[in-house]
């Protein structure tokens, strides 16, 4: 009998509620059966973690940057080029060839974002069910095929359908890139990495303008705008195949890392981004993210990004046409528009770096980058049409507002916790992105003199509203941090080992602090 009791006691020591005692003692090994936890349990992870030095972690980050950032950068550049093909084509014979009338061009611009709006959340959820790198690669190949097919459109209806489908395929790129940021980089590192690949927005604008300018000189009996879609589509298909092969689905399956590096990659994210690798959907987190009375940051991010993208939707579709309204021809307008992309790229890189370096500066930098755009818009209203140099200067002051967008897109990744809450907040933000871009082109009044004045007035109002919403968002973060600091000072226990590896939201974690740096 005694022997039986001893045996049972030994079993109880080794296993409690189906868990190994070692797992209970080390929360790193007790990860609720998610994929990251299974990976860490399958290797000698604790030994690797214990022996790792700061030098090892820095080398790991450099290796991640070398593989991931170029892929994200060039993919984002292609996305920018491909969705802007309509704008480049607009200064050629597109409207005449398709027989566009009235607001039909504005509809073609907005239909891309209708596809984006409808497909963004479903495609983001679908991306969790398949290997992420391959899923993104296939989507890129698909939209490249759609782009090639667009050259065959011969009326408004055909072009409208293709624009909608293109928006649907492209809708998963930015949300999944935000998720990739959170899978590989800590909260502090993310804003700089987001800026690094988001700068491709300006790079893509430059390259797209150069391609469009070159296609404008092609004389084969086929309209120049058709070549714009074909050439860009072929490049996109080839790149999609490369992304399929090179972009890993997660740190646990990153073949370009050694086994020890994969362990460290998973560990550093588990320790800094609670729940980011736990890919289980929780509807309670969806409700929390969407309820402004429980957590207002989702609504505020939606409003900021909506106002931001009203600017983008208007100028993105009518940028080259705005320059053409100054008295330039089609090819001149395309060429003059190219430097605007370079300025966009520099502003995003500079804004990301400044937000990273400035203490408590993310939101202040966002507001500051709106100021040049405000001045540029004001010049379009107050200067006479004869002052072409001043008007062009105003156009070149437009790009900095895009920096605000990408800083705000990084906030769900750093200022929320819980896997499902993060992707829901990101999707909420992209709802504003899509609706803003849908609304922007319809600010244009046909036949207005001077051209596009109503767009500039609406954009100035949106600039002011963005600043107000950003200030409110910062006040919320600061007050919430102070409230939690006060509870800590009063003796509240805010952190437990289990919380560090649990899929809990920021509202469920008293030790969570919102990043305003």
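Every residue, even glycine, has its Cβ placed from backbone N, Cα and C.
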Range annotated as transmembrane segment - as stated in TrEMBL, picked from 258-278, 363-383: 363-383
Transmembrane segment range according to TrEMBL, out of 68-92, 493-517: 68-92
Which listed span TrEMBL calls transmembrane segment, if the choices are 38-58, 227-247: 227-247
Interface check, the transmembrane segment (196-215) with the transmembrane segment (135-154), three or more C-beta pairs under 8 A: no
Winner by Cβ pairs under 8 Å against the transmembrane segment (227-247), considering only 135-154, 160-184, 335-356: 135-154
For the transmembrane segment (135-154), sequence-distant contacts whose Cβ falls under 8 Å of one of its Cβ atoms, 6 or more beyond its ends: 75, 78, 82, 85, 97-98, 123, 126-127, 162-163, 165-166, 169-170, 172-173, 176, 226-227, 229-230, 232-245, 247
Winner by Cβ pairs under 8 Å against the transmembrane segment (299-323), considering only 160-184, 363-383, 456-477: 456-477
Segment-level pLDDT (mean, integer) for the domain 'Major facilitator superfamily (MFS) profile' (68-482): 86
Same-chain residues at least 6 beyond the ends of the transmembrane segment (363-383) whose Cβ lies under 8 Å from its Cβ atoms: 311, 322, 347, 351, 354-355, 390-391, 393-401, 403-404, 407-408, 452-453, 456-457, 459-460, 463, 466-467, 470-471, 473-474, 516
